[in-house]
Amino acid sequence: MSVGLPSDEVAEDYKNSLEDLTINSRYEISNLTVIAKENTEHAMAISRVLENHIKSTPPDRKLPALYVLDSVVKNVGTPYTLFLGRNLYTIFMNAYSLVNNQVRRKLDEMLKTWKEPVPGSLDPRPVFPAETIRPIENALIKARTAAVQAQQQQQSRAQQEMINRGRPMATPNPQWRSTPTPPQARGPYYPPPQQTYGLQNVPNGNYQARPQYPQTTNYPPPQPTPTNHQQPFSQPQAYPPYQQPPNHSDPIHQDVEKLINAARAEFSSNVNDDSLRIRLQALLALQGALKSQTLTPQEFQAARNEVARLFAEVYGASGPAASAPPRTLVPSPYVPPPQIPPQQRPAQIPTPQKPDIQSLLSSRNLADIIAKAQQAPATPPISQATYPPAQPASQNSTTSSLSANLGDMLASLKAKGILSGASTTPLNGSHGYSPPPSTTKTPPIMSGGFPRPALINDIEVTSISLKRPRIHLVSNLYEARPNQCSTCGRRFLATAEGKEKKARHLDWHFRTNQRLADSAKRGQNRSWYVDELEWIQSRDNPEDAPLADASSDAARAALAASLAAADPKKKHIPVPSDPVLANQPCPICQEKFDMVWNDEVQDFVWMDAMKIGSRVYHASCHSEVKKEGGTTPLRMSTPDSVLGKRKAVGDYNAGNAKAIKA
Amino acid sequence: MQKSFDLKVLVKRVKDLRLASPQAQAPETSEKNRAAKTVKVTLPGHADTSKMSLPGLDLSAPVETVVSPTVYELKEQTEWRFEVTFGNTVEVRLLSGTAELFGTELPIQQTYTFTGTKAAIYTWHGCRIEVVGDCQVDYIAEETPMMIYANLHFALENLRDTAYSEGRDGPRVLIVGPENAGKTTLVKIITAYATKVGRQPVVVNLDTKEGLLSIPGTLSATTFTSVMDVEKGWGSSPTNGPSQVPVKLPLVYYMGLSNPEEKALIYKPVVTRLALSVMNRLQDDGEAKETGVIIDTPGIISQGKGGYEMIQHIVSEFSVSAVVVLGSERLYSDMLRRFNGQTTGAGEIIAVVKVDKSGGCVDRDEAYLQQFRQSQIREYFFGDANTTLSPHTQQIDFNQLTIYKLAEPIDDLLKSLMPGDVTEESTSAIFDKVRPSAQMQNVILTIVNAHPEDTQENIRDASVMGFIYIADVDEKKNKLKVLAPVGGRLPNKAIIWGSWPEGISDLM
């Protein structure tokens with residue numbers, strides 16, 4: 001967000017920008033939307049400015065201003081919908097009363113889209129809630145009725161009007177029908193809606209009196225929004241010419257090449273996606289390693305399998321996916337090559353990287369890489385272009401591309417006493433400062449994590465004892481835990497256990513980042529607090545929990561299935577990705593499913609749901625219908641079962657409360 | 001005009017790019033270079049407006065902008081204290097060395113953004129930090145009580161080890177001290193240190209002036225296993241989506257008053273109830289049992305007779321084994337007199353210790369505190385700059401809500417008119433059941449885990465489910481417009497209307 005800008009200043013700037021908006025300019029509207037999006041913390045100020053601007057601007061500029069509003073509420077959503085929704089009636093009616101008929105038609109169309117969900121969004125809620133829109137519609141209908149009546153009295157051509165009614169009027173700009181806002185230069189694109197506007201919201205009586213607004217037309221499907229993803233800033237071109245034909249005959253090279261091209265294509269259309277970037281980086285690193293021919297046959301085989309699996313994933317081949325080796329999430333124990341004393345080997349650096357190649361594409365190492373990448377949040381992959389990956393002799397290239405792994409390797413070498421403490425590579429934490437001489441000159445602290453006898457903690461809980469400085473103890477907080485996460489600063493022991501914990505921790509960061517990218521699309525909200533029993537029984541270890549391999553979808557599904565089998569109340573399925581299915585209620589009780597985040601399977605799920613055939617049912621509804629002897633779950637059950645379900649939930653809570661009181 | 005705004009966006013983007021440049025990674029880069037560096041950027045619209053471009057990504061025609069962050073060099077065991085007003089932001093980044101904000105370590109090269117904050121970044125080993133933005137106040141302090149605070153942590157570690165070997169509960173630590181003495185800060189520091197060495201403390205907040213993972217007016221308990229949020233102080237309670245910093249799960253109770261002494265009738269039983277839950281958790285959760293409890297208190301109860309009774313109550317309910325007095329000699333001697341030599345229920349001797357107040361403690365004026373409270377409420381519904389939450393508005397009928405208003409304390413005049421033997425407890429009900437009215441506009445209501453028709457005591461002692469905001473009251477149509485954190489129907493539970501935190505007029 002813009003640094004040091006208080007709300008007032010942002011608002012003032014926004015106001016000035018709005019005043020420059022005199023024509024219906026796609027570019028400016030999208031720019032204003034982007035600014036609004038980047039300044040959501042000043043949403044209230046911006047909304048106020050926008051509102052005032054719409055009110056005060058001359059009639060011929062009202063339409064562009066309203067388009068800004070429309071674009072902001074659709075592309076940014078909350079909190080703008082809340083702030084702007086408050087006075088929407090006044091804003092809209094004020095503008096409507098001052099503009100000419102042509103503009104009014106456009107406003108009508110815009111109003112209609114506000115009653116629908118944002119097209120292409122996962123959120124099924126309308127842009128503005130019905131209670132915000134309804135008063136406006138009612139007022140418009142009233143006004144039209146009055147206008148038409150006046151017309152009929154004054155004009156003798158009433159008959160003519162009656163004939164014309166119902167015939168579609170030519171509109172100047174049909175492709176804007178359902179997307180009043182001009183297409184955006186960026187941001188979430190909502191594909192133009194395909195719906196036809198029906199009459200359901202217009203009372204019949206009033207409709208009769210609306211000759212000017214033919215509602216029966218089936219609007220032609222709007223043309224696809226001209227998107228413009230192709231930024232002048234195109235990432236892949238920045239790479240050195242990788243595409244030189246691979247000099248090995250093994251198909252793996254071609255496969256990797258193809259994968260890289262596919263990843264690049266995907267990446268260039270979605271520059272902001274971190275996971276794509278990391279995948280691309282990993283692939284490039286793998287390619288470098290393959291070309292440098294530093295792999296042992298086993299590693300080569302492992303890499304080949306991994307590539308085959310990925311290839312199948314990307315190109316949709318069905319066979320190899322099943323036969324591909326399972327991803328290794330447990331860090332493969334690294335045995336340092338004993339045959340060569342490392343101190344005598346200048347070329348030691350590339351060696352430690354080798355065992356990790358086989359799992360280079362697995363999520364654990366991706367997590368390592370992402371952790372590294374996060375130190376440079378906005379670095380585009382171009383930064384890699386500075387080293388030629390095809391040269392096996394170039395130590396720098398391998399070091400930097402795999403330095404996250406390397407750091408781990410060095411740490412483990414150190415722990416095993418193979419490398420002397422005077423390593424050239426700075427380790428996490430010991431970076432850039434020399435630790436106080438009293439405690440840290442001695443390597444044993446690094447290696448063991450056990451405090452030496454000199455570090456005995458003799459502090460008692462007395463005021464005098466607390467006053468005596470014991471700076472050496474502070475190393476318990478820092479040097480004793482040299483293994484630091486570069487994202488959040490959390491420290492881990494240098495032991496094998498500490499390493500494993502860190503790996504899981506980085507995994508957690510990785511998953512979280514993935515989910516953060518996903519979650520931008522769905523609305524997030526605060527959950528209710530837990531009750532006493534739930535809190536007492538809760539254990540919070542979201543990162544260290546050995547989620548064996550929650551990253552693979554198959555394992556996740558299996559986990560979900562096993563959980564579901566345990567307790568029908570806890571039956572849940574991942575939220576269907578098919579939007580049609582996602583919007584369908586339970587066929588038995590006709591209620592929608594509640595989407596909740598499930599920590600165990602690390603995904604959004606529908607609780608109390610099960611999928612049978614192509615439809616999703618509430619598990620409790622389904623089991624009840626079955627119990628009642630109905631063989632087919634499609635049979636509508638009596639409302640009793642619905643009440644029964646609610647009651648069960650209530651009882652459960654009441655039970656909790658009692659348990660705690662007892 | 002358009003340009004001037006774009007320029008700011010650009011400056012930000014350019015800064016991002018710059019921060020990410022390879023040079024910025026190398027700590028060796030000299031400050032002079034850094035500060036004097038000019039960056040060439042383009043204004044969109046300068047060249048060709050019809051070309052679709054993101055501001056800042058089109059780097060062709062040059063315009064010069066100077067970006068000058070400040071770099072501070074901190075010697076070992078010093079701290080950089082800073083204040084940022086609401087509405088301003090300051091970005092801080094650790095370039096080298098180690099640094100921690102109230103015990104939580106900052107990793108190298110991560111940028112943290114602060115707003116409405118009064119805090120300090122301390123270094124044990126010396127460090128260099130880079131600051132972008134305007135601080136209201138900022139200076140480097142060489143004298144800090146951090147050594148004592150760290151010693152307190154190590155002393156507690158000793159107690160934890162001993163308790164573990166003897167199979168007892170870990171220490172229950174009560175922090176008391178006057179207002180603005182840094183109690184919450186000390187709680188943060190020792191919590192962060194305990195978390196850092198792999199412990200899992202239960203942190204209890206009994207101060208209704210500010211919320212812990214909740215809004216003001218609440219009492220709460222939370223276990224901490226993961227790092228705290230450097231920017232937000234504690235972190236965030238769960239949402240239905242992911243969070244950069246692991247969410248913490250609080251158990252929340254509602255008080256509805258700023259001063260607990262005003263209504264001991266409510267405060268005491270709620271404290272008792274909270275203590276019961278915490279003790280249950282300790283028995284259930286091995287790691288929490290080992291680590292023990294850290295309790296934060298309101299400053300007001302450290303100021304005299306009535307307050308001491310509250311402290312006594314807390315000590316006995318939580319079976320406190322160590323009382324830490326922060327920055328007041330008189331309070332220390334009073335606490336010594338009261339607790340020295342006493343034993344807890346389990347036979348441990350209660351330790352009373354005194355630690356120094358930090359010179360960095362600043363008096364927070366009422367205006368700041370009010371903004372702080374409002375920001376906590378806003379954050380509850382709308383999230384923060386990193387996570388935008390979408391609360392839901394809905395219209396509901398008056399009769400869909402069962403609202404209990406906290407009964408007004410009986411004032412002295414009224415009391416003098418009553419017969420002598422009537423005490424507060426025998427006369428006043430806890431709540432009055434009320435119908436929604438125009439007075440309810442803009443207030444925060446609390447939904448508790450109790451049936452609408454439950455007894456008043458049960459409603460008082462019930463834990464909190466969440467909060468709703470009354471955006472509008474339509475007395476003609478008997479309708480309320482309600483902002484709730486979660487969509488769907490409001491749960492059919494009792495709802496409490498307290499006088500604290502005060503209403504907030506511009507929430508939406």
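Each Cβ is built from the backbone N, Cα and C atoms, and glycine gets one as well.
Database features, via TrEMBL:
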DOMAIN    B:73-162  domain 'Clp1 N-terminal'
BINDING   B:E79, B:K118, B:N180, B:A181, B:G182, B:K183, B:T184, B:T185  ATP binding site
DOMAIN    B:177-382  domain 'Clp1 P-loop'
DOMAIN    B:389-502  domain 'Clp1 C-terminal'
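Cβ environment of B:A181 (ATP binding site): B:G299, B:L326, B:G327, B:S328, B:K357, B:C361 lie under 8 Å away, each six or more residues apart in the same chain. Taking each of the binding-site residues B:N180, B:T184 in turn and counting other Cβ atoms within 10 Å of its Cβ gives the largest count for B:T184. Note on B:G182 (ATP binding site): other Cβ atoms within 10 Å of its Cβ, all shown chains, come to 25.
Counting neighbouring Cβ atoms within 10 Å of each of the binding-site residues (B:K118, B:K183), the lowest count belongs to B:K118. Taking the Cβ of B:E79 (ATP binding site) as centre and 10 Å as the limit, one finds 24 other Cβ atoms among all the protein chains shown. Every protein chain considered, the tally of other Cβ atoms within 10 Å of the Cβ of B:T185 (ATP binding site) stands at 23. Following the DSSP three-state reduction, the secondary structure of B:E79 (ATP binding site) is strand.
Once the Cα atoms of B:E79, B:K118, B:N180, B:A181, B:G182, B:K183, B:T184, B:T185, the listed binders of ATP, are compared pairwise, the greatest separation found is 19 Å.
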